[in-house]
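For reference, TrEMBL has these:
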- 1-34: region 'Disordered' (REGION)
- 8-32: compositional bias 'Low complexity' (COMPBIAS)
- 155-172: transmembrane segment (TRANSMEM)
- 184-205: transmembrane segment (TRANSMEM)
- 217-235: transmembrane segment (TRANSMEM)
- 265-286: transmembrane segment (TRANSMEM)
- 293-315: transmembrane segment (TRANSMEM)
- 386-405: transmembrane segment (TRANSMEM)
- 426-443: transmembrane segment (TRANSMEM)
- 449-472: transmembrane segment (TRANSMEM)
- 479-507: transmembrane segment (TRANSMEM)
- 540-633: domain 'STAS' (DOMAIN)
Amino acid sequence: MVHREPAEAAAAAAAGGETSISTQPPSSSQQAAPPPAVLVYKVGYPPRRSLATEFTSTLRETFFHDSPLKQCKDQSVSTKLQMGLQLLFPVLGWGRTYSLSMFKGDLVAGLTIASLCIPQDIGYSKLAYLDPEYGLYSSFVPPLIYAAMGSSKDIAIGPVAVVSLLLGSLLQKEADHDKDREEYLRLAFTATFFAGITQAALGFLRLGFLIDFLSHAAIVGFMGGAAVTIALQQLKYVLGIRSFTKETDIVSVMESVWGSVRHGWNWQTVAIAFTFLAFLLLAKYIGKRNKKYFWVPAIAPVTSVILATLFVYLFRADKQGVQIVNKIKKGVNPSSVHKIYFTGPFVAKGFKIGAVCGMIGLTEAVAIGRTFAAMKDYQLDGNKEMVALGTMNIVGSMTSCYIATGSFSRSAVNFMAGCRTPVSNVVMSTVVLLTLLLITPLFKYTPNAILGSIIISAVIGLVDYEAAILIWKVDKMDFVACMGAFFGVVFKSVEIGLLIAVSISFAKILVQVTRPRTVLLGNLPGTTIYRNTEQYPHARILRWLTDEEDRVSAEGLPRISFLVVEMSPVIDIDTSGIHALEDLYKNLQKRGIQLLLSNPGSAVIEKLQSSKLTEHIGNGHIFLTVADAVRFCTSKSMQEP
């Protein structure tokens, strides 16, 4: 048998040679040609590593995969100190290049989100069973801290509906907000303090990857269920019901609503609520249809508050049963350090509530930050974000604030209004300060009905039915997690829905690890490759890229044009993984780099196809092997001028 050496085979390929296989038997006068040589490579074994080396490598890959201190290498002590401060306070970096033109964009964005946040803050504080001024306090101090420490240019900071509802629901189980008002308030500040401690600790210890255990599907279901629950809670204000259940499940709420239908509803309240709810939804529709009218839904809430307040004042509708906000305490945030529980039985309760609310706040803020960072093509440091969010909540707990985080509705408006830096948060904070000092008495006659309408219009967007449909198409187990979280929140409570979401997410991970997929492999005709017989039933019609052109040598290193992701080790993928892959694709597209996939398994390619990610990447950019992908890259590179 004649063996062709690898160098000889490579030379033949470079010369454009090809091998043909004859289907006719050789004649008696001809000598049968030897079969082509097959090169067999054995698996290479990496050198053994000591326990210390392996442990150190694992820690580095887990906690410091992004090499945060790489830029400090070979620098002087003073430079390292400066870089360290800049790492903790990004404002020291971008602040040096801040200009008047950038401030113009931040000023417009800040004023726009301020008009949105003020009525929302008053309404969200009611979800947490706190007085209206605490919602405004929470949009004054925390945004200032975040502006100095945050790395996102687009996040707008303040109270949000889901965290407010969760906080109020958990606090109410420990202290009654009506009977034990002072104790309830102290526990709220304690929970906010420990929420900040939890968030900052996760960032400093670089444990941000822990929030990824709460899958995208679970978050979709939880947020949708919370939105429905929040909307149901607003029926108390929209219908003018004075005696209302403290439970959050849909059965208790509807029993309370229908039980008061004969004598508990106020028609003036209903008229105000539904009139302005229609106005708010119309404004949101206009802004969604035409992006240049983004300011319409942004100013609609404050416009509604002004008009509704004026109506109640002129016609004294409060004398006819319309419930109003009454007095909002005037002035700047008072200190609340002395109200935080640092000892006693409430410390453990505050820590438990704070940790849960802090994790949900983190998940929402990081997801929002990554979304807008991808749109503007800049990097977002998740661990740095956690430190910033944690610090602002720690300081907030000492200045009469409750848990604040990134708001999706405000961040979207901030983005569309043309914000350039976190200074837009400073502008918003300044407007809130002026409101606390000067305008709060004007909110006395603001009807609760309009606040309920504003909250309902704000949370409608949290019910992402399109994402739920996509999850059903992609991964049925993810859909179970999504629906489990949704129904748990709607029919039981917010914390039960959250527990279901986390439990199913962990269960899915355990199932995938302990029960890996087993498939029957078959040979692809004409090759030495074996693949899943269910994935490639028609392997005979597959075509291989066979063109092997001479490589064109160029001076210097060529730019990166392709990124090949080898997916053979990926036995399955869920919606969180698909979103991560989609984000990677979008980022690479902006940099002019094409994403290529190599050998995705049957379960993986099926879900990629269901999510339509294969259409975005292009079926022509998904390959059977890395070698095929490399040949494609080489061919494309050679075609470029």
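Cβ from N, Cα, C; glycine included.
Here the transmembrane segment (449-472) does not touch the transmembrane segment (426-443). Their Cβ atoms form fewer than 3 pairs under 8 Å, with each pair 6 or more residues apart. Relative to the transmembrane segment (217-235), the listed stretch 479-507 leads the set 155-172, 184-205, 265-286, 426-443, 479-507 in CB pairs under 8 A. Model confidence over the domain 'STAS' (540-633) stands at 73, taken as the mean pLDDT rounded to a whole number. The stretch from 155-172, 386-405, 479-507 that makes the most Cβ contacts under 8 Å with the transmembrane segment (184-205) is 386-405.
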